[in-house]
Structures are given as C-alpha cells and as structure tokens.
Amino acid sequence: MAPRKRGGRGISFIFCCFRNNDHPEITYRLRNDSNFALQTMEPALPMPPVEELDVMFSELVDELDLTDKHREAMFALPAEKKWQIYCSKKKDQEENKGATSWPEFYIDQLNSMAARKSLLALEKEEEEERSKTIESLKTALRTKPMRFVTRFIDLDGLSCILNFLKTMDYETSESRIHTSLIGCIKALMNNSQGRAHVLAHSESINVIAQSLSTENIKTKVAVLEILGAVCLVPGGHKKVLQAMLHYQKYASERTRFQTLINDLDKSTGRYRDEVSLKTAIMSFINAVLSQGAGVESLDFRLHLRYEFLMLGIQPVIDKLREHENSTLDRHLDFFEMLRNEDELEFAKRFELVHIDTKSATQMFELTRRRLTHSEAYPHFMSILHHCLQMPYKRSGNTVQYWLLLDRIIQQIVIQNDKGQDPDSTPLENFNIKNVVRMLVNENEVKQWKEQAEKMRKEHNELQQKLEKKERECDAKTQEKEEMMQTLNKMKEKLEKETTEHKQVKQQVADLTAQLHELNRRAVCAAVPGGPSPGAPGGPFPSSGLGSLLPPPPPPLLSGGALPPPPPPLPPGGPPPPPGPPPLGGVLPPPGAPVSLTLKKKNIPQPTNALKSFNWSKLPENKLDGTVWTEIDDTKVFKILDLEDLERTFSAYQRQQEFFVNNSKQKEADAIDDTLSSKLKVKELSVIDGRRAQNCNILLSRLKLSNDEIKRAILTMDEQEDLPKDMLEQLLKFVPEKSDIDLLEEHKHELDRMAKADRFLFEMSRINHYQQRLQSLYFKKKFAERVAEVKPKVEAIRSGSEEVFRSRALKQLLEVVLAFGNYMNKGQRGNAYGFKISSLNKIADTKSSIDKNITLLHYLITIVENKYPKVLNLSEELRDIPQAAKVNMTELDKEISTLRSGLKAVETELEYQKSQPPQPGDKFVSVVSQFITLASFSFSDVEDLLAEAKELFTKAVKHFGEEAGKIQPDEFFGIFDQFLQAVAEAKQENENMRKRKEEEERRARLEAQLKEQRERERKVRKAKESSEESGEFDDLVSALRSGEVFDKDLSKLKRNRKRISNQVTDSSRERPITKLNF
C-alpha cells in the first residue's frame, strides 16, 4: 500500500499550533463599541524610564499568548512604540471594566440558562439578551487576556457549556443561542490551553457531535467545521469516528454517517440553495477519509469510503455538480480524485485496471481465482458452504448474523500488526493477531514438533558429549593445578629443610670442636693434680662433658652435690636442657597458683545505688598471663561522665524519654553443623526385587554399557564417565559373597540374566572391585574434602590471631571493666577482670530512665564519643563469624576420615602392585601419582591444623579460659554474638538520630514546600502557551475552502494572508484588524 502524504503537508502548514514553523501574524483586536478599528492614539501620560517600561510591557506581552519568535519581535520595538501600545491596551481595558470582564459572570449565566428548560415563556427581549450574553462570552474568549481564558477553564467553564448543550430543549437548539454556544467552543479552541482542555475532555467531542441533530444550518456548519478540524489534530481522527458512532446511537441512525448523507442530498425548502452546509459536509468527509490512519493505509481509506458509498454518496455528488459552486466543486473533485487513485491502486493487486465493487459476480470471481491452488482454498469453500447454510428467514436474527460476519472481516482487514483498530471497532476485545495465532495449521505444527524433537535429541547427544569432554578437561586441569601447587610447596619445603640442615650441620661441627677442646683441657687438668677431694671414687671426665649434648640429662652426683653448669652455647644453637631442681626442693606442679602482687584499685563510688552489671568475675589466681594484666580501668574513670552514667542507670529513678529508641537485644542462635554420616551398604540379596529395581534405575541414569563401566573402573575413569554421585550410588550395589556364589551357579545362562544380575556378575569378575571403586571415589572426593577442611582450619587460625592482637577489643574490655566496677558493689565489684561470656550480658542491664535503653546502647554512645578507635572492632575481628561456625570435634573427625581413607588407598595400591598386570589396568600408575600428591597435601593440612590449635590455645588462655573446656564454636561464638549485638544497637542509635533529624528537616521544609507550591501554582497559571489565538480559525477556514487538500502548498501560503484578512459572514465571524509593527 503506497503511503499518501498529501494531507500531512497541508496540516503542517495550516495547523501550526502543533508545529513550530509558519506561525500566523500577530493580530491585535481593539473594541470601540460594536465597530473594530485600528486606534492610533497619542499617550496622555509621560513615558516612564526604559527599565520600568520593559517590566510593564512584559506583563502586557504575557497576556497576548505569543510565540517566542513574536515575543522577540515585540520586545525589539522602539520604546515609544511600546509605550503607545501599552497605553492603548490599558485604555481599552478601562473602558471594558465591569461584570462582563470576569469569567464568573458568564458561568453563572450559563448555569442559569441550563436550569431553565424552555424559552416559551421568555419575552423576545429576554431571549435577545441571553443571546447577546452568549455572543459576549464568545467575544471575550477570543479577545480577553490569557488570564481570562485560564480562569474560565479553572472554573470548569467548558463543562458548563457542554452541560447546557446536553440539556437544552428543542426551541433553544433551534435558536441563535445554540449557534453561539458552538462558537464559544470554537473560540476556546483558538487558545492553546483551551484547545488542549477541549480535546482532553472525555465527552466534549461527543456532545459537540450531538448538535448535528438540529435543523439550524449555521449550527450544523459550525459543528462540522470543528469536527473536520479535529480530524487534523494528532489523535483527534479516532475521537471524531467515536463521536460519529456515539451520534448514531444518539440519533437512532441505522448506520453511521446517515444524517450527513441525508443532509447532503436535501434539495427542497431552505436546503434548495444552501451551499455552505453541503460544502461543510464534503469538507468533513474528505478530512475523515484522508487523515488519521488514512494518510498511510489504503485499506482503511477503502473501508471508510465504502461505508459512504453504501449510503449512496455517489449519486448525491453527481447532483451537487448542478450548484456550480467553485468551493464545493473543489471538495467534490478531491473526493473523486482520491477515490480514483485508491481504486486504481487496489486494482493493481489483481493486475486489473478497474474492479466493479457493485458486481458481486466479479468480486467473487476475483476472490476464487486468487485462492485457487492455494492452501486457503478449502477454507474459502467452507466459508461459502456455511454461508449457504446461514438462516435466511425474514424474521429473526438473520441480519445480525451477516452483520457479525461483515464486522469480523472488517477487523481482519484494518487491524494493524499490534491488534489495534484505527476505527472505533464495534467488536470489543477482538484481536485478530491472537485469533490467527491459535489457528495455525495443524500439519505445520506437527512437522515443527517432529523436527524439533529430532533436533532436541541431536542436541542432547551433543550436549552429553560436550559435558563429558568438559568434565574430563576440568578434571585434568584440576589435577595439573593441584600437582603444580604440590610441587611448588614441596620445592619450598625442600629448600627450607636444606637450609635448616646446613645450619644444624654447622652447629654440630661447632659443638664437636668445642667438645674436643674441653676434653683436651680436662685431660691437661687431671694429669698433675689427680682426683678431686670433693669427688670420691675417682674423676668423671665424661659426666660434665656429657651435659653438653641434649639426649641424656645430667645425673645427680653422689651426696646431692650439684653438677657443674653447662658451658655457654654458641649463638644460634639449641637451648640447653633444664638444670636439676635445687637440693631438697621440688618444682611446683603446673596447676599450682602463682602469687601475683595486685595493687588495690581506687574506684569512685556513686552517690546513689546503681543497677548492677551481671558479669562473671575472673578469680585473681587466674589473671597471670592474660589480657587483664595489661588493662588498667582506673584511667577510664577520668574520661567517663560518671554523673550521666549514675543518672542513666540509677536504681531508684523514674522512667522518662531518652535519646535511644526502643530496641531489643537479639540473642544469636547456636549454629549446628551437619554431622557427616558414613556410607551404609544395604545387605540385600541379588534376587531381591527392590534391589534389582534400584540397580536398573541407576544403570539407566548412567547411560553406559557394562563394558564401558568396567573400562572406566580399570582406567580409574580417565575419561570422566563416572560422576561422583554415580560412584556413590555404585558403592551401594557392590556384589556380596552370597550374590557372587549365586551368580556363579548360573554363569552358563549369562545371556538370559536380567540387566541388574548381569551387571553384578560382570562387576564381580573385576579383581578387588569394591576396593577399586572405593579408591576411585576417594580420589575424586579428596580435593573437595580438603577444600572443605582448609577454610575451617584457616578460620580458627585467623580468628585466634585477631582476638589476641586486637587493640580495639582490649580498649573495649577496659571500658566495660570500668563500667562494672563502678556499678557493682561488694563481692561483685572491685574486679581485675571478667569472663568474656559477660560481654553478652551487657544488654541485660536496663536504664532507669527508659526501659528500652540498655547498658550496651550507652556503651556504644560513650565509645563513639570518647574512644572512636574502638569502632574498628568489627574490622579487626572480621574472621570471627566464620570461626564461630567451626566445631573442633567434627573437624577432627573429618581429618581422621581423610587419614583413614588415604591409608586404605595406600593399602590397596600395595596389593595391586603385587598382582600381575591386566590389560587396560591403570590403577597402579594413576593411584601412585595420586598418593604422592595427596600425602603431601594432607600433611600440609595437618600442619595447618596443629598451628591453628596452638594459636587457639594461646588465645583462650589470653582471656583467662581453660583450653580443654571450651571449643572454638563456643569461644568465637561469644565474640560473634557480641559483634552482632553491637551492630544492631549501633544501628538503632543511628536510626534514632536520623528520625530526630528527619523530623526537624520535615518541619523546616513544610513551610518551604507550601510556599513553593503556591509560587508554582501562580507561575503555572501565568505561563502561557507559545501559540497565537486564531490558529483554529485558520484551520477551519482552510478546511472550508479546501486548501488543506491542495497539492500546491505554495498556493496555500500565498492565499493564507488573504484568507485571514477577509471579512466573512458577520453572523459567524467578526472583522479582525492586524497591527503590523
């Protein structure tokens, strides 16, 4: 369908209110009683300064509703001309002051007229007065400043006019009042804001269309001009078609546009020589056909035109030629020219010159010829067949059946790809696109399904092969990476041991040289003097020297004498063994308390009793070697605001509002680790039905033959055919001795065995099948298990280091200790330390001012103000949450499982080495390489675990706890729970501060927003569109003359000025005089 853009170009020129080019000239209307003339007057007042004049002139220009271009032209005028225009406008406003200068007056009059249903009782003078009032409103809407129109719209003046139009009786509808009311709407649409308001109103176009029912020719002409102009507005074409459907129901028409064709055909009475109405009707019909979807869609133009042709418009057009009116002929020519072009283009689809749409035979033959030898032909025959079966009785719903069929076919033709109808469809929710989608040919669907199924199978096969190769590649890559990591670690360890070996070798050489030197000196000293008097039994030259070596400890000499002290060792050597205890004394046992001198604390005493902090004091005999020996809480008292602390946690003070909002300390739930369970193999018989069924399910999931499974086990699955989860399931179906014995008895019936039985039989032929399967499963799971264990070990190690080294934690404990000593009395006070579990009891102490405030909230506030470095606590203890999840007992079990599994694989490797090799068996080569790497990796894990346990023991003792009685999840869980409580309390404090600030900010902004809304409202009302009044008149004038459909746009531009200046019928338009500056 060829696009037709003839009308579009005319619109862009005429209806310039929707475009930014070709604006009409500025018209300035002045009223002097009932005559309009250009008033050239000399200003009576002296001209003010230029700055003041520009401000006054700007206010005047704002009321004229001008575009930016014309505003610039106005401001470019000389100062004298500006002052002359300003004085002339102000004088005119002074002369027209009165009640009629306010929109409220006209709205009251409209409501009063609408309330009076009949004009029969009215005197002629009263009727004339009301007509003048409506005419005055029309004039005011055209000539008053912009603020008048804006005020009229804000007061819902349009609804008042529409309500009057809907409720007027017959006499009023035939009077001049009706014509003037339509003129008011037309005048309102000359204004940009008014036009937008009319188009946006839900009922405006429908109510305007209802006025076509009047016999008043001038009213009909005005209505048709408005509707035709609205067709040219973006989105207005469909509104007009909807309005005509509305009028069909309102006027009880048989079909749409029936009244228009009837009026067009009337030629008797007052319609005999009436050309203006016929011109307006043809102008409207051309606008309906050529605008909206008709600009692009040939089918839509044919659809609408056929509706007019079915109403008999063509004979009427032939009769209208008798009027010999140039303007009417112009519209008639456009209608026929457009029809001829469309019918010619439509005929080209069938390779014809013309199609007789009046001939049912020709249209049927063209349709039959087009569909013959196509897949649609059977459906065409079915349509004809069912049309023959359609009921044809004169009574009943026969016409409605054909009407439904007609409307369905119309929708098929004119609906676009999105299922949208450019016309107002009488079939609601009828989307052709969705219907066609459901009626796709079944054969094509079947073919597509078969092709899709075939491609799906091929895709699945290729996907399985790809996944198999990817698994193989990933396994090889992982083994290579693990091997490289292990080799690098072995290299580092070897270099380290080599360096240590050299150092030890050098130390041995140095010690040997010292030993020879001491022997030489001892021999030299023993020869002249003989045995020592204090050592009966002869000299022991080797007893003193032997103490230099670490293995044997130095024995006690007879008589309880002390042995000689060992000589000093060279730098860097190992430490000497401990000396013997003093004579007659014994070393104290390891657990005995060591006396520690503790100075008495000088703790300030509160003036009133305080609420107690329920902590657990650490005994003084357990302070040695802990963090509490490094803490001095007495200096904290110099920083704390003790009066505020006493006031907040007084034991007798009444409750009142405080600075922290209601919050509850949340207790962290204990974290339960999942216990590892050992693989249990069901002891079932081979012939058991359930066991055989489960085995068959497993084999169907594997999608491997018995030979492929056997090859994978012998080669240690070098092609990655057996996933880890499948290996775990295969371990459940290891043939037991009873199964093997039973299968051996029936081995001669191998071909007749069931699938599960044959699988178990063939697997039993593999030497050490179960041990091989377990080794393969351990090999595949080893890296995963090590990867699970290492983060747990690392969490314990890093968590222990963090709590031991954290300065923020140490400072926090110091502050908490000061709080407790100040708040507690008697046995609960005067503490030098407390158990770390007491940290999670801080929140149990409630404030006496507000029960929702806890000691923890207060502590955080003090820390933020006095000890800001403590806020880095969560950063210094970042690994604590992970360490709190580690259960040492379960971790030891996992390490033990790895150790025993590795030992079992080594045992099987030794057994397989002793067996004669079988073809395709790669167990020895693959497992030997695996054992080398796995052993080193496991030893590395064990070293890390030993280091982690040592650091954990050190951390536990650092806080005064007993290492053997507390586990990592319990120890680190205390800190984790405390960190969570601190974060929550800190957030609650922050939320309270934000809420308080928000309330203050909202209060400040409330007044500002109120002032701003008032200012915006004034600006919005004062803001005026960039279009000139009178543009809607230009559009109607162009429609009336037919120039909107003219191909020659230059002619339209040349005639525009002439049309706008032409004085038209005084009953429809008043003269307009332009000011050209």
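For all residues, glycine too, the Cβ spot is worked out from N, Cα and C.
Under the heading phosphoserine, Swiss-Prot lists S34 (among others).
Summarising the annotation, Swiss-Prot assigns coiled coil to 437-526.
Residues 703, 718-721, 723, 783 of the same chain sit 6 or more residues outside the region 'Disordered' (457-478) yet have a Cβ under 8 Å from a Cβ within it. Residues annotated as region 'Disordered' in Swiss-Prot: 457-478 (among others).
Per Swiss-Prot, the feature region 'Disordered' maps to 526-596 (among others).
The domain 'FH1' annotation in Swiss-Prot covers 528-599.
Taken from Swiss-Prot, the feature compositional bias 'Pro residues' applies to 530-539 (among others).
If you look up Swiss-Prot, you'll see 549-592 (among others) marked as compositional bias 'Pro residues'.
The annotation domain 'FH2' is assigned in Swiss-Prot to 600-1008 on the grounds of sequence analysis.
Long-range contacts of the region 'Actin-binding' (693-702) within the same chain: residues 709, 722, 726, 729-730, 732-733, 755-756, 759-760, each at least 6 residues beyond the stretch ends and with a Cβ under 8 Å from a Cβ of the stretch. For 693-702, the entry in Swiss-Prot reads region 'Actin-binding'.
Positions annotated as compositional bias 'Basic and acidic residues' by Swiss-Prot: 1007-1026 (among others).
Annotation comment: Swiss-Prot describes 1007-1033 (among others) as region 'Disordered'.
Per Swiss-Prot, the feature phosphoserine maps to S1026 (among others); the stated evidence is similarity to another entry.
Taken from Swiss-Prot, the feature domain 'DAD' covers 1026-1057, and the record attributes it to sequence analysis.
For S1029 (among others), the entry in Swiss-Prot reads phosphoserine, with the evidence type a large-scale study or a structure entry.
Summarising the annotation, Swiss-Prot assigns region 'Disordered' to 1056-1077 (among others).
Swiss-Prot lists 1066-1077 (among others) with the feature compositional bias 'Basic and acidic residues'.
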Residue counts (helix, strand, coil, in that order) that DSSP gives for the region 'Disordered' (457-478): 22 helix, 0 strand, 0 coil
Structural state census, the region 'Actin-binding' (693-702) (DSSP three-state): 10 helix, 0 strand, 0 coil
